[in-house]
Amino acid sequence: MPPPPRLLFLLVMLLVVAAPGAPVFGANAPPEVKAEIDALLMFRSGLRDPYAAMSGWNASSPSAPCSWRGVACAAGTGRVVELALPKLRLSGAISPALSSLVYLEKLSLRSNSLSGTIPASLSRISSLRAVYLQYNSLSGPIPQSFLANLTNLQTFDVSGNLLSGPVPVSFPPSLKYLDLSSNAFSGTIPANVSASATSLQFLNLSFNRLRGTVPASLGTLQDLHYLWLDGNLLEGTIPSALSNCSALLHLSLQGNALRGILPPAVAAIPSLQILSVSRNRLTGAIPAAAFGGVGNSSLRIVQVGGNAFSQVDVPVSLGKDLQVVDLRANKLAGPFPSWLAGAGGLTVLDLSGNAFTGEVPPAVGQLTALQELRLGGNAFTGTVPAEIGRCGALQVLDLEDNRFSGEVPAALGGLRRLREVYLGGNSFSGQIPASLGNLSWLEALSTPGNRLTGDLPSELFVLGNLTFLDLSDNKLAGEIPPSIGNLAALQSLNLSGNSFSGRIPSNIGNLLNLRVLDLSGQKNLSGNLPAELFGLPQLQYVSLAGNSFSGDVPEGFSSLWSLRHLNLSVNSFTGSMPATYGYLPSLQVLSASHNRICGELPVELANCSNLTVLDLRSNQLTGPIPGDFARLGELEELDLSHNQLSRKIPPEISNCSSLVTLKLDDNHLGGEIPASLSNLSKLQTLDLSSNNLTGSIPASLAQIPGMLSLNVSQNELSGEIPAMLGSRFGTPSVFASNPNLCGPPLENECSAYRQHRRRQRLQRLALLIGVVAATVLLLVLFCCCCVYSLLRWRRRFIEKRDGVKKRRRSPGRGSGSSGTSTDSVSQPKLIMFNSRITYADTVEATRQFDEENVLSRGRHGLVFKACYNDGTVLAILRLPSTSSDGAVVIEEGSFRKEAESLGKVKHRNLTVLRGYYAGPPPDVRLLVYDYMPNGNLATLLQEASHQDGHILNWPMRHLIALGVSRGLAFLHQSGVVHGDVKPQNILFDADFEPHLSDFGLEPMVVTAGAAAAAAAASTSATTTVGSLGYVAPDAAAAGQATREGDVYSFGIVLLELLTGRRPGMFAGEDEDIVKWVKRQLQRGAVAELLEPGLLELDPESSEWEEFLLGIKVGLLCTAPDPLDRPAMGDVVFMLEGCRVGPDIPSSADPTSQPSPA
């Protein structure tokens, strides 16, 4: 039965009356409302709105602006009273038009990216009660009268901006909350704050640049609850007048330069709960009132650390609410303050960094609520009381750097909540208690610098939450147990300075979160390093120094892209230094001294642009010092001493402008000391002794301002020691054992040296005269022989003419050979970096560049297969000589320079230039590369599609993507932009290792016309900056190749590799491979993305997750905005993270994978 009409009418009316909906004006909105709409739209027009939060602000809406997001209106009038748009990443400036919102009461734009100044016109909105502009990038000063004009303002928060200038001096009486913290305000704190802001309850001026003193007038703010002035430059004393702030709850003055005492009256404010005056220069005694008791029973937290307090006034009683007592880093002495044991509710006690002595009393066990006990950096002695085991709530125990002795208390194993234990720098002995294995929440265990003995207890290796383990500098022995691999959360492992022996267990490869590994100074660790060590992707610090490791210098470290510190010193490593270490972009310290490393210094180390220390002393290195080391602009220490290096010191080394230490002593270096070394303005130590250096000492070395140590002894230097160097380094041993060197501080007088030089010149002159005389004599003899021969020939001619018979010479006697000798004019040779091949050999190997030998046609010319008589197979790129538009190859000198530069770009995933040829004929330009027998990725994907894709399983696709990303990342790191990343330019060697090709060739052709002619026959159309379907829209529009464009092209290749869909399969402007992938993900049709060879992936398996991660990496790389695309180094990191299981080796042949039945 339906309700009666009257009841329905009443219900409708009730709803209408009760609904507080916004007024509906439509086109009949009053002028003042239209003005507010215009002001809001003008405000919106000046902002960038990435979340489109204001997209619904439509002036034609009947309920505008009251229905707009972030806008609230007064009921009935429709006037805007609130504008709240927090946390929306809005950027731009705040429009002064907001001053038209005359009824605005609340303005909240906090946590955005707003910039510019605070509009002064906002001060005309007298109705404003609250302004929230914190956590933006606003700058400039606050106008002095700004706050005073806002007569109804109660809350003003602009913390976390870039505001500067002085703090305003006048405030409205209504102001209760003022937060100007974390800006750049300067000047002093206005003394008249209390005169105008009489109702102030919260005042935060922390983390600015305020100077001067704390105004005593702040003591008149009777309603003040919070006073925070931390992190400024305040001086003077703490005014006792602050004790008049009877409502004060929290006083924080940390991180200033306040002096004098802590006034007892301030500590005794009855309402005070938190007292923080740490990191100042306060002296005297800590007043008893600071610990609660009769004077102040409300105190909960007392922080007075980092001052110069020398004593503590012991309170008669302790506050019942006392929870935190921080007395660290003062000058307190005497025994442990046992009276603190009466604070039963104490949770944090920090006495570290003082001069307390004696034993820790058993009474510490009464602090049953204690969570943190920090006693480090004192002089406590004796044993740790077993009663500490009663502190069942303890989470942090710090006893470092004291004089504790005895065994580590087994009672610690009963403190099940312990997270951090620091026992280093004491004299603990005995074994590590097995009971520590009960601490299932333990995250950090540190016991360095004690006298602990025995093996590592197996119970330690069940601590699944342990992230930090430091047992260094003890007397622990035995082997490192394989169970160490159970510590899956471990990030830092330091076992250095012990007596462990045996090998590093392979289970260390399970520590995938490990960042620091220090096993140095064991002496008895030996054998080869486990390969699993090189699979720890987050490893940043490795020190294996001072052991007995052997074998070749491990090349596996080159796979650890995050590695910053590598120390292999004092071992028995042999072989050469791996060139692949030059591919470690983050490497800062490389030390491999005191080994048996031989061979030449790899020039690739110059690619480590962040390297600060290179220490390879005391090895068997030979050859020259690479001039490319000049690119190491951050290098501070270079020590190559005690090797067998030869040739000259490269003058380019002076480009290492950060060098502090340069040691090249005890080598076979020759030539002169480069005068350019004087450009090393930061150099402090220079040791060139025990070499074969010649010439004079450059006087400019004296211009190095901070040089403290110099040694050029035991060379073959000559001439006079520069006077400034002689007086600066007055020890004769600095210049000793140079027979031809003279002048102070040596005893060799330069006058005697000059006489010796004069005798040498006379001897040389006499020798020269002798040589000239002998030459003249030989010339006279030669002329006489010629005259004699001429006269004899004339006589024979006359005799023959007169008919005189002569005996005929017997055939062959005295006659020359009748045959013509072949002129062995050498054939023109290709400039090969590692072999000798002539141009004629290459013409024969390519059958005179026959079409049948063409491997590919690219935008830079034709690639020929060259099969040489000795079985060598190479790929020859022949650059076009001319084109339809008249473009020609660059002249020979420039071509050679570009080719030499390109030949230095080496990476395992790039096609490396092996040689070049620059004529004759004059228009021939050839580039020589390794032959890639397994074709390119485009062909491989096409074959995969014809065989249901089974020849390309997921691990192989991942390895291809990872290899290409590494090669492209190395190109970008070397300053090279590829410009045409596509499957046709990804080649495979005999081991199916991917190599990125066709890069760095643009400078070798004057214009693009020559490339265009050859590219016309390419399988995919090519633009000036890439290939259609792969080129980034922004790069195509700009007509210029960029790193961001390369990332986009790589993303397209990655999506094609994973899905099997070519970009050319999508027709029309509204569809491409990126949009297609996104649409499948939005539909949840992930199976549609799978290439046929990946259809057997189990959705519950890790490989399924890895595949999805790879898809997401591809979408990140193809972001529409170039600024949103990751760098290739980040792409490598993400792709390395895609494989959570073991990878197949990169040499695996994908065609050997059988197709499933």
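Yeah, the Cβs are placed from backbone N, Cα and C, and that goes for glycine too.
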What Swiss-Prot calls N-linked glycosylation site, among Asn465, Asn909, is Asn465
Per DSSP (three-state), Lys982 (ATP binding site) is coil
One of the recorded positions Asn524, Asn567, Asn985 has its Cα closest to the Cα of Asn607 (N-linked glycosylation site), namely Asn567
The answer, for which of the binding-site residues Gly858, Gly861 has its Cβ ringed by the most other Cβ atoms inside 10 Å, is Gly861
For Asn692 (N-linked glycosylation site), the same-chain residues 6+ apart in sequence with C-beta under 8 angstroms from its C-beta are His668, Leu669, Gly670, Asn715, Glu716
For Asn610 (N-linked glycosylation site) and Leu855 (ATP binding site), the CA-to-CA distance in whole Å is 40
Smallest number of other CB atoms within 10 Å: among the recorded positions Asn192, Asn567, Asn711, Thr939, that is Asn192
In DSSP terms, the repeat 'LRR 19' (537-559) comprises 5 helix, 8 strand, 10 coil
Spacing of the two Cα atoms, Asn438 (N-linked glycosylation site) and Asn192 (N-linked glycosylation site), in whole angstrom, works out to 60
The correct three-state DSSP answer for Asn655 (N-linked glycosylation site) is helix
Cα nearest Asn524 (N-linked glycosylation site) among recorded positions (Asn192, Gly861, Thr939) -> Thr939
